[in-house]
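Trainee: Before I ask anything, let me first share the structure, which is written out below as structure tokens.
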Amino acid sequence: MLHFTSRFIDSTPGDPLSDTRSRQVHGALWSRVQPTPVSAPRLVALSPEMAKLLGLDEEALRSEAWVRVLSGNALEPGMVPYAANYGGHQFGQWAGQLGDGRAIGLGELRAPDGRLYELQLKGAGRTPYSRRADGRAVLRSSIREFLCSEAMHHLGVPTTRALSLVASGDAVVRDMFYDGHPQEEPGAIVCRVAPTFLRFGNFELCTSRGEVSLLKQLADYTLTHFFPELGPPSKEAYAAFFSEVARRTAKLIAHWQAVGFVHGVMNTDNMSILGLTIDYGPYGWVDDFDPDWTPNTTDAEHGRYRFGNQPAIGMWNIERLAVALMPLFEGDESVFQAGLLEYQRTLNTEMTARYAAKLGLSTLVDDADVERVNACLAWLAQEETDMTLFFRGLSRVVVAPTAPTVFPDVLREAFYGPVPEPHLARGLQWLTSWWERTRREGADPAELARRMDAVNPKYVLRNYLAQEAIDAAHEGDDSKVHLLLDVMRRPFDEQPGRETYAARRPDWARSKPGCSALSCSS
Ligand code: AMP
Ligand code: MG
């Protein structure tokens, strides 16, 4: 018998009303809601690791009874569905109340590891926070969220997880390109899992409304349940909490930078208080290493959330969180400064450590090493070069008995087109110097290669791969979703026979919607 709890609902103030009409909800951190049933739920995919972690039997999850729960058509005993109230800064502007407009928390389940995990349905229907939208999600964006949450997890990047993907059997109308051509698309529901889905925006909303006592209750709830190591609530504990969120956020973003993940919508309502990757929307993976690239068409003009700008935006968002938490710091500005410093310090250390490891170096020992990393990144950005293939290929170069004297074929594969000779010559020069530097690591080159292969993934969820799986699913074939999920379970392993999933983005996908450009419409 499963036992669901709802600590958030039990211990923090909620909305006394239960009608789902769009409205401003004051003095409350959540609203009770009910998922809106769908007409013909069908399980499209499950994450076996997530089921296991939760102690749920895969076969049982495939049963009609569970699929009803995973689609919002039924509740398990003890589930208390709710939508959280939060605000946020969107594209640099305060947007006021946002809230869970289509995500519905079901309750927390105690897993065999002793921890509590919250289950949440995304796309389960309208809530008081839906504004003018329908509370639903389309299959294409649900496939993307499902696959990417699990792919990120297997890469070791902190993230919310996905247990299941259910097709609803109902159509959802979306104007995918925002060009006045709305179309019906299949709807779907993802069951997401995380210790908590609280965001920076939950804290911001309280402070923006001067609801300081509510802010304090939210902070105390968060501290008590998710940061118990910081001690009972006090000014010092709030300060430590802020620094810890800053540290986790910096760590997270350094990790994104190291694997080539671009979130696409780093609004403060999409920033997890636990430092998890959250809300997979128009995200993308850089194919060619281009710091200016953003997958999000809504952001194409200003590129606020472009690949190379994510670290700076993380800092901007941490500042917004600081402003939100300020009432708890009792006017002590030094807390604010300490947190920002923590962010910068962690970002530097983490970026350095991750890029050193990508190059097979245990640490960057001097300025020459720092310059080595910078030169590599600058060179990569000059000509269209696949980030994943380039770094993965380096482990083949490191095991060569001598420094390269010609540009290695394994790295030529990373280029998207012909490259000028001088660029190759500069690349070779860099490689030679790097190869010589690796000999000072005092480790067997084969061991260096193993270490590099353990941090430079072979398989990432390339945008076009996800799009191919979506196109097939739209034709009724879910097998590509299953196959991709399976490939992404072992991103660092050679998987004989599956090399095509590690290949460069094909030319046809260069500017195809879904493969290089995504809208927020989901
Ligand atoms: P996002 O940009 O997806 O993080 O969403 C921003 C806000 O819009 C959040 O409050 C979402 O809950 C809400 N939202 C997005 N899509 C929908 C939808 N289809 N129905 C209701 N609310 C939505
Ligand atoms: Mg969001």
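For all residues, glycine too, the Cβ spot is worked out from N, Cα and C.
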Trainee: Select one of D19, D57, D279, D287: the residue that TrEMBL places in the ATP site alongside G99, G101, R102, K122, D134, G135, R192, R199.
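Mentor: So, going by the record in TrEMBL, that would be D279.
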Trainee: Pairwise over G99, G101, R102, K122, D134, G135, R192, R199, D279, annotated as binding ATP, what's the top Cα to Cα distance to the nearest Å?
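Mentor: The widest Cα-Cα gap among those binding residues is 22 Å.
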Trainee: At the Cα level, what's the spacing in Å between D279 (ATP binding site) and D269 (active site, proton acceptor), rounded?
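Mentor: Cα-Cα distance, D279 (ATP binding site) to D269 (active site, proton acceptor): 9 Å.
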Trainee: Sort out for me which one of R102, R192 has the most neighbouring CB atoms within 10 A, since those are the binding-site residues we care about.
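Mentor: The residue with the most neighbouring Cβ atoms within 10 Å is R192.
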Trainee: Taking the Cβ of N270 (Mg(2+) binding site) as the centre, count every other Cβ atom within 10 Å, in any protein chain shown.
Mentor: 22
Trainee: In sequence order, which residues at least six apart in the same chain have a CB under 8 Å from the CB of G99 (ATP binding site)?
Mentor: V25, S31, A83, A84, N85, Y86, G87, T127, P128, Y129
Trainee: Near the Cβ of D134 (ATP binding site), how many other Cβ atoms are there if near means within 10 Å?
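Mentor: Excluding its own Cβ, D134 (ATP binding site) sees 16 Cβ atoms within 10 Å.
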